[in-house]
Each structure stands twice: as structure tokens, then as C-alpha cells.
Amino acid sequence: MALLGRAFFAGVSRLPCDPGPQRFFSFGTKTLYQSKDAPQSKFFQPVLKPMLPPDAFQGKVAFITGGGTGLGKAMTTFLSTLGAQCVIASRNIDVLKATAEEISSKTGNKVHAIRCDVRDPDMVHNTVLELIKVAGHPDVVINNAAGNFISPSERLTPNGWKTITDIVLNGTAYVTLEIGKQLIKAQKGAAFLAITTIYAESGSGFVMPSSSAKSGVEAMNKSLAAEWGRYGMRFNIIQPGPIKTKGAFSRLDPTGRFEKEMIDRIPCGRLGTMEELANLATFLCSDYASWINGAVIRFDGGEEVFLSGEFNSLKKVTKEEWDIIEGLIRKTKGS
């Protein structure tokens, strides 16, 4: 699940036997506290600053859909901090302009805001022309615009299905193809990045439209990685696990009921932060990753492998119970 949000780390050092609550998130539908059930999180503290050199994107242009909030805003902030001239797009121009001004005032680099509904191919066409006019052909293209909600599939309407697939699959295709054609015409390469989800590969109940659309996005990017490398373009994918944002959690966990369950199935013992994902995104879009093409990077603290293992729930077995189990196993004769 791409659940992205603004992170706030205020952990207090304690003895290993009593890590105590650590506040990681102060924004969202519900404040999350790390519990004593996940003391291992102290070994996996998030690094919230950019890892690349400050000039890694100097002279480069980055285009980010869904760039006004959440993960899109975080990636834009990191790219701008590292020298890129950024162009952000979404439907809400007021939010975009506020984000552009906020980031530009911090980094000193230009951030342009363009209103675009990625579901509308004509609007995407005009947006790409404006992008090229104000900033030039992009070196980085991040398809981050998304939509999702939870629902039993038998309750879905055609409009519910269409709402998600139009944004996620069709919108990504319109943006990618429109920019790609312009780049081919200009004989210019670029790094494309798609933000999907860990269940794009496995499928998931109750988010069937999103799962289907994200799976299509991954197939599209892998196909273009094979086809358009000859034009200097490469395509990679990040599958985020649970990362908290107000926008995502308000639709996927509106009561805050499932946060602890999420942490319980993440071996690293905490949710991810948007800064960590922004670091991964900037690396994949940088020249340092010029030989990475067609890759799918799972970014979930180990959640997927935990859920895949038949016996991983045995972590709840106590030492005393293991002593009993071992004794019973040793007494077993034959096959």
C-alpha cells in the first residue's frame, strides 16, 4: 500500500528492555506511537535527510504527478534540494501553488505548478507542452498520482472501478506516452519512476480496482523498459508498504483500527517514512542508477516476506512454549 505521509521522529533513547513509546507521526488521522511490542524498531531508525550529493540533479528538470501532497511533495522537496527544477501537477492548483512556493522558498530552486487531471488525455497533452515551455524536456518523470478506497468487491459500481483505473492506469499511460513521444522527437533520454504498491504483484481483496490498475502500471513500465532503452529512457518501479499520510489513511484506515496490525506484520517494527522513500526515488532517478532499468523495488520493511512465510506467525511462541515443542519433537519416532 502506498500510504505516504509526513514523518516526525521524536524517539527518546531508553534501555533495550524498555524502549517505551516513540512518536514517529504527528500528522494524519491518528497519531501513531511505537509500542513495546516492536522493540526491534530501535535498530531501524529512519534517516530523514537526502543521501545524495547536493548537486546530484543540478541542471535537471523533474516532472512529478500528484506532487502537491504526501509522497509527491516529499519527492519534489528532495529533488529540489538536490538542485532540480521541478514541475508538479495535480487537479488542485491552489494546493500545488502553495507547495511550489513552500519548497522553492526552502531550496532556492524553481518549482512550477500546473493544473492537470491525468484522466483527461487532452489536458495531459497541454500539460506536457506547458512543462516543456516553462522548464524544458524533463530528465526525471515520476508517476505518483493515485486514488484508492476500501470496499468489498461485490459493492463496487462501474463508476467506482472507473474512478481508480482512470487515475492509476490510464493516467500513468497518458503521461508516460505523451512525454515519451516528446522525448523521442527531441532525441533526449529520461528516467521514469512509477509508484505502485506491494499488492500490485500479489493482488489483494477489498482494493481490487487499485490492485488491478497498479499491476497494469508495472507491466507497462517493464514493457517500456525493454522497448524504449534504445531512446535513452529507463523505467523503474517502487512498491511501497505502509507509510502514513492523512490522505491515504483517511480512506484505507479511517478509524485508526489497523495501525498496530500493520506494525505487527512488519519485521522492522515500524511504518516507513516519506523521506526514506524520497531517498530511494531520487537515487533511482539519478545518474548513480543509470544501469538500473526495469527494476521493481519492494519498500516495505519486510512486510511482504513476513506475510508469505507459512510459519512466520510462530514469532508469538514464548521460550517456555518452545521448550515444550522441542521436547515433543525429540520424542517423535520415525517419519
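Placement of Cβ uses the backbone N, Cα and C atoms for every residue, glycine included.
Here's what Swiss-Prot has on this protein:
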- TYR199: active site, proton acceptor (ACT_SITE)
- GLY66, GLY67, GLY68, THR69, GLY70, LEU71, ARG91, ASP117, LYS214, PRO240, GLY241, PRO242, ILE243: NADP(+) binding site (BINDING)
- ARG91, ARG119, PHE149, ARG251: substrate binding site (BINDING)
- LYS42: N6-acetyllysine (MOD_RES)
- LYS49: N6-acetyllysine (MOD_RES)
- THR69: phosphothreonine (MOD_RES)
- LYS97: N6-succinyllysine (MOD_RES)
- LYS97: N6-acetyllysine (MOD_RES)
- LYS106: N6-acetyllysine (MOD_RES)
- LYS106: N6-succinyllysine (MOD_RES)
- LYS244: N6-acetyllysine (MOD_RES)
- LYS260: N6-succinyllysine (MOD_RES)
- LYS260: N6-acetyllysine (MOD_RES)
- LYS319: N6-succinyllysine (MOD_RES)
- LYS319: N6-acetyllysine (MOD_RES)
- 1-34: transit peptide (TRANSIT)
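A map of Swiss-Prot features onto the structure.
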residue : record               : Cβ contacts under 8 Å, 6 or more apart
GLY66   : NADP(+) binding site : GLY72, ALA89, SER90, ASN144, ALA145, ALA146
GLY68   : NADP(+) binding site : ILE88, SER90, ASN92, VAL95, LEU96, ALA98, THR99, ALA113
LYS97   : N6-succinyllysine    : ALA113
LYS106  : N6-acetyllysine      : THR77, SER80, THR81
LYS214  : NADP(+) binding site : VAL168, LEU169, THR196, THR197, TYR199, ALA200
By CA distance, which of the recorded positions (ARG119, PHE149, LYS244, LYS260, LYS319) lies nearest to GLY70 (NADP(+) binding site)?
LYS244
I need the CA-to-CA distance for ARG119 (substrate binding site) versus the residue listed as 'phosphothreonine', whole Å please.
18
Which state, by DSSP, holds ARG119 (substrate binding site): helix, strand or coil?
coil
Hey, does DSSP put LYS319 (N6-succinyllysine) in a helix, a strand, or just coil?
helix
By Cα-Cα distance, the member of recorded positions LYS42, LYS49, THR69, ARG91, LYS319 nearest LYS244 (N6-acetyllysine):
THR69
For the recorded positions listed (LYS42, LYS49, ARG91, LYS244, LYS260), most other Cβ atoms within 10 Å of the Cβ sits at LYS244
Would you mind ranking the recorded positions PHE149, TYR199 by how many other Cβ atoms sit within 10 Å of each Cβ and giving me the lowest?
PHE149
Just name the most isolated of the recorded positions ARG119, LYS319, going by other Cβ atoms within 10 Å of its Cβ.
LYS319
Taking Cα atoms as reference points, rank the recorded positions LYS42, LYS49, PHE149 by distance from GLY241 (NADP(+) binding site) and give the first.
PHE149
Taking the Cα atoms as reference points, how far is LYS49 (N6-acetyllysine) from ILE243 (NADP(+) binding site) in Å?
17
Using a 10 Å radius around its CB, how many other CB atoms surround ILE243 (NADP(+) binding site)?
27
For THR69 (phosphothreonine), identify the closest of the recorded positions LYS42, PHE149, ILE243, LYS260, judging by Cα separation.
ILE243
